[in-house]
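Asks: One structure follows; several queries about it will come next.
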Amino acid sequence: MKFKQDFFTQLPEFYSQVYPQGITKPEWLAWSDDAAQLIGLSQPTDELLLGLSGNAAVDGATYYAQVYSGHQFGGYTPRLGDGRSIILGEAIGPNGAWDVALKGGGPTPYSRRGDGRAVMRSAVREFLVSEALHHLHVPTTRALAVIGSDLPVWRESQETAAITVRLARSHIRFGHFEFFCHSERGRADKLIQLLNFTITQHYPHLSCDAAGYKAWFLQVVQDTAKMIAHWQAVGFAHGVMNTDNMSILGDSFDFGPFAFLDTFQEDFICNHSDPEGRYAFGQQPGIGLWNLQRLAQALTPVIPSDDLIAILNQYQEALVQPYLRLMRAKLGLSAVDVPSVEQDKQDLDLIGRFTVLMEKNQLDYTQTWRQLGKLDPTSKHSALRDDFIDVSQFDTWYQAYQQRLGAVADIPAWQTERNSVNPKYILRNYLAQEAIIAVEEGNLAPLHLLQKILTQPFAEHAEHEDLAKRPPDWGQGLIMSCSS
């Protein structure tokens, strides 16, 4: 790997230098070939294993943990920072630079009495969801590898430590800006320094002046809205949408008790620590705006409040338009040639009525969409009909759907197109749990198979139909904890 160290050299007050503590008996548990290509790597090697497990220095790495703050479950925490993630620097790849971070690399000045470690189950989950989201075309950070060990760590019980090697276009979060506005009051100079660095590194087409700052914030609003639109379309619940878990680039970030929907449930809660459902699936669009409002507050020393409010008012449209594009594709609806508020409203109503029917009939979100690939959209009798208990309500919806759909000239091509946007396979929590149990027993095959399937989620994989099934009773609606 070749590194540059722009964050390290240009923002010395934004981190603490800290070196990883190696894990014992490191071994490769998982590796992503296409993530490796992002930073110019090919195959895992013994030398790389030593370096990324913290047992040897990596040439060109500088090792640091970033400081930031954030709103967690609605309350402001003035000092957070990387409590168990150590960044090596920005690795230069063929198409840009990616931060390389060792998540679980050991304690840092921001560990808050924690051990700085990650357990194997959380490392595997982060790796798998990074692979899954990327191949579902959802903006996300990536995971290069999972490195296991025999190092014992204690959570609710004894587990073993592991490291996720995370790749991110940037680790700058909403919380970085909050820290230098609220926690370090009077440091507007540092806020501007961070803002200029972010624009120079990631938005080079913008200028570092008043006009550029406003254009940048609008881009952040749009990118955040687009990310959440993808989440809602694919049925992904993040679970911990604190502002310190929000990437400034609109990439899905910092995965913990996430889940993909099994049975469609608008108020689905995937986080055991969120009993009131602040971060429930259906709340994510609103929380996205709330988090952007907190970021806007932090930017008031730099951008006038009236301008910030005007930009925030564009969030709804920035969310609805990509969501409509994604959902129209899932349903096979033709794109709207001339934007129409009335047509958007009608399509949103059609989509909403369909998901309400899914919830009332307790249907699997992913499987129901996939069924469209078997549908003859010209037939009065839908193959979907048998899945619905309340067939009269479905018939009413289906009639409206056919009317909006219009004529379909090539039915096989239409069906193939539906299968290209409606995945057959998602990372169901129970599948991740089964892979984790197998790893604990020394069997990596289920993990590697699941990874393979998740990198081709739209393919049939007829020999692995079992991985597309609804979860068994024990795996239905699994709720995870933040313990990791």
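Heads up, the Cβ atoms here are built off N, Cα and C, so glycines get one too.
What Swiss-Prot records for Asp244 is active site, proton acceptor. Annotation source Swiss-Prot lists ATP binding site at Gly81, Gly83, Arg84, Lys103, Asp115, Gly116, Arg166, Arg173, Asp254. What Swiss-Prot records for Asn245, Asp254 is Mg(2+) binding site.
Let's see these features in context: how buried, what's close, how far.
Replies: Classification of Asp244 (active site, proton acceptor) by DSSP places it within a helix.
With a cut-off of 8 Å between CB atoms and residues at least 6 apart in sequence, the same chain places Ser16, Ala65, Gln66, Val67, Tyr68, Thr108, Pro109, Tyr110 near Gly81 (ATP binding site), listed in sequence order. Secondary structure at Gly81 (ATP binding site), taken from DSSP and collapsed to helix, strand or coil, is coil.
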Asks: Taking only same-chain residues 6+ apart in sequence, whose CB is under 8 Å from that of Asp254 (ATP binding site), what do you get?
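Replies: In sequence order, the residues whose Cβ lies under 8 Å from that of Asp254 (ATP binding site) (at least 6 apart) are Val240, Asp244, Asn245.
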Asks: Out of these recorded positions, Asp115, Asp244, which one has the fewest other C-beta atoms within 10 Å of its own C-beta?
Replies: Asp115
Asks: Compile a sequence-ordered list of residues in the same chain as Arg84 (ATP binding site), six or more apart from it, whose Cβ lies below 8 A from its Cβ; state 'none' when nothing qualifies.
Replies: Lys103, Gly104, Gly105, Gly106, Pro107, Thr108, Ser111, Gly114, Asp115, Gly116, Arg117, Ala118
Asks: According to DSSP, collapsed to three classes, what secondary structure does Arg166 (ATP binding site) have?
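Replies: Looking at the DSSP assignment, Arg166 (ATP binding site) belongs to a strand.
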